[in-house]
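Student: Feature annotation from TrEMBL assigns region 'Disordered' to 1-30. As annotated by TrEMBL, transmembrane segment applies to 47-76, 88-106, 118-136, 142-162, 174-192, 204-227, 345-366, 378-396, 403-430, 477-495. Annotation comment: TrEMBL describes 51-499 as domain 'Major facilitator superfamily (MFS) profile'.
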Amino acid sequence: MGADLIKTDGSGTAATAAPPPSPSASENYQRSIVDFDPPKKAKRNKYAFACAVLASMTSILLGYDIGVMSGAAIFIEEDLKINYVQKEVLMGILNVYSLIGSAAAGRTSDWIGRRYTIVLSGAIFFAGSLLMGLAPNYAFLMFGRFVAGVGVGYALMIAPVYTAEVAPASSRGFLTSFPEVFINAGILLGYVSNYAFSKLPVHLGWRLMLGVAAIPSALIGLSVITMPESPRWLVMQGRVGEAKRVLVRTSDSEEEAELRLLDIKEAVGIPPECEDEIVQISNNKKGGSGVWRELFLHPTPAVKHILITGVGIHFFQQSSGIDAVVLYSPEIFGKAGITSSDMKLLATIAVGLVKTLFILVATFFLDRVGRRPLLLSSVAGMIGSLVALATCLTIIDQSSSRLMWAIVLCILSTLSYVAFFSIGLGPITWVYSSEIFPLRLRAQGCALGVLVNRVTSGVLTMTFLSLSRAITTGGSFFLFSLIASIAWAFVYTLIPETQGRTLEEMEKMFGRYCRWRSALKELEDDDKKLVSNEVNGAVQMAEGVAIGNRQG
């Protein structure tokens, strides 16, 4: 084997000769070729999974409050002698109060970190739950709702942000959907709590329903302390070495951890070759400063598109009526013809059970099917269910006799509606809004999405009873079906598919609005070119080895 090996450059042109490869070099070459085989599917990172579960458990607090208030309001109305306007304000006001927590959570999380912001949310809700459970009158109960609402606002904003920043790209959709999973679990627990405490004396039952929420909030706050801090927040503070260690534990491989760290460094403005444990970061890159100006006053086309989609999806999630169905399900079933309080509460448990089961199904399809197919099918199913529910309620309202078939169809339509909501629009809203904002805008952008979400929910839940009296309950659901139809068109035209894209690639996909598909095609072409160049390099290496072997 005295002949020289002919090397080639990237274009295939012969370059300088070199000695033939040794057996060990050939073995290394063979291993490099195997690297281009389709990769085996990696197992889910258990550490990232545990972190996502702990962070997302804060969302159970909101779910429990929504579920428990649907039944507790029946007994509060009887015990405190409140009218229907006071009742709907009491049920919906927590969403308005949560705006304070959501507005403060972005800056707070940039200041003290994502992890301690989650702890803070649990502590605030703990205090609010105790105040509601001990409330002697309506005014004191409203104050307890205020405190609990601030805690809920913090939790709603920070849980999906933390999870998106910890999760590897391969399972980000699965893990970031966890907040919605726990909201649904909380709703189901609230419904069960209603039924469990409904047999107690009226003045005691509703206070226990509201007060027991202090127990899980305390446990969640204590358990979250064991979690690592978000690697993106750590890099924003200059703690690069610590961030790297967290990324190694939460990524599917060390190579992925390195790539994620390089992406974050680029976003923050740290040179990629910098390997220091601690890096000095200028104040304007730590978050907060100038962010609102970039979002509203001088947004780039990409940021403006991201803002429209991030805020829009939150608006449509709530304006299509989900909180009205979940919060007022006893009233809806009452309008359908169910008169027994026990039967109403049991029917609401069925709603909570279906909602929770289907959200669990959705988590396993987010990273397999993609965001857009699930969103489009989910909203389409919601439209059909809302039209069926509205039609049946209208028929029952106009009929002088008890129509059992219409009652059954009302219940089935309600269950169908929450099922379709839970496989798409419910979880994907939180996943999507937490992954599309660039790092420098993420905390404040997500806080803005939560703000719109809670305002819309608050307006809807605080006016639903009045709206039903004005245009009938059936008319209200016809209105929700119209809004859901607009939501479907919004998703189809403006929302790009983000499945499999890194958080730092998101900004490249936005800015062309209805023509986002061309941007997605460019990214896919770039991916193909990168793979093609790597394969060509491997082929040229193989040709060089073959020539060297023949000459030898």
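Backbone N, Cα and C atoms are what each Cβ position is placed from, and that goes for glycine too.
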Student: Looking only at residues six or more beyond either end of the transmembrane segment (88-106), which have a C-beta under 8 A from one in the stretch?
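Tutor: Sequence-distant neighbours of the transmembrane segment (88-106): 62, 65, 69-70, 73, 76, 82, 117, 121, 124, 138, 141-142, 145-146, 148-158, 288, 323, 327-328, 443-444, 446-447, 450-451, 454-455, 457-466.
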Student: Give the one range among 142-162, 204-227, 345-366, 378-396 whose Cβ atoms make the most pairs under 8 Å with those of the transmembrane segment (174-192).
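Tutor: By the under-8 Å Cβ criterion, the transmembrane segment (174-192) pairs most with 345-366.
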Student: So which of 47-76, 142-162, 345-366 has the most C-beta pairs under 8 Å when paired with the transmembrane segment (118-136)?
Tutor: 142-162
Student: Let me spell it out: take the transmembrane segment (47-76), skip the flanking residues so only those 6+ beyond its ends count, and list any with a Cβ under 8 Å from a Cβ in it.
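Tutor: Sequence-remote neighbours of the transmembrane segment (47-76) are 82, 87, 90-91, 94, 98, 114, 118, 121-122, 125, 141, 148, 151-152, 155-156, 158-160, 162-163, 166-168, 171, 175-176, 178-191, 193-195, 198, 202, 205-206, 209-210, 213, 216-217, 220, 223-224, 226-228, 249-251, 323, 326-330, 341, 345, 348, 352.
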Student: Take the transmembrane segment (142-162) and find every residue of the same chain, 6 or more past its ends, with a Cβ under 8 Å from one of its Cβ atoms.
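Tutor: Result: 51, 55-56, 58-59, 61-62, 65, 90, 93-106, 108-109, 114-115, 117-118, 120-135, 176, 178-179, 210, 213, 217, 230, 430-431, 433-434, 442-443, 446-447, 450, 453-454.
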Student: Against which stretches of its own chain does the transmembrane segment (477-495) lie, if we need a Cβ under 8 Å and a gap of at least six residues from its ends?
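Tutor: That would be 305, 308-309, 312-313, 316, 319-321, 324, 371-372, 375-376, 379-380, 382-383, 386-387, 389-390, 393, 425, 432, 467, 471, 513-514, 516.
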Student: Would you mind listing the long-range same-chain contacts of the transmembrane segment (378-396), meaning Cβ under 8 Å and 6+ residues beyond its ends?
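Tutor: 316, 320-321, 332, 335-337, 403, 406-407, 409-410, 413-414, 416-417, 419-421, 423-426, 428, 472-478, 480-481, 484-485, 487-488, 491.
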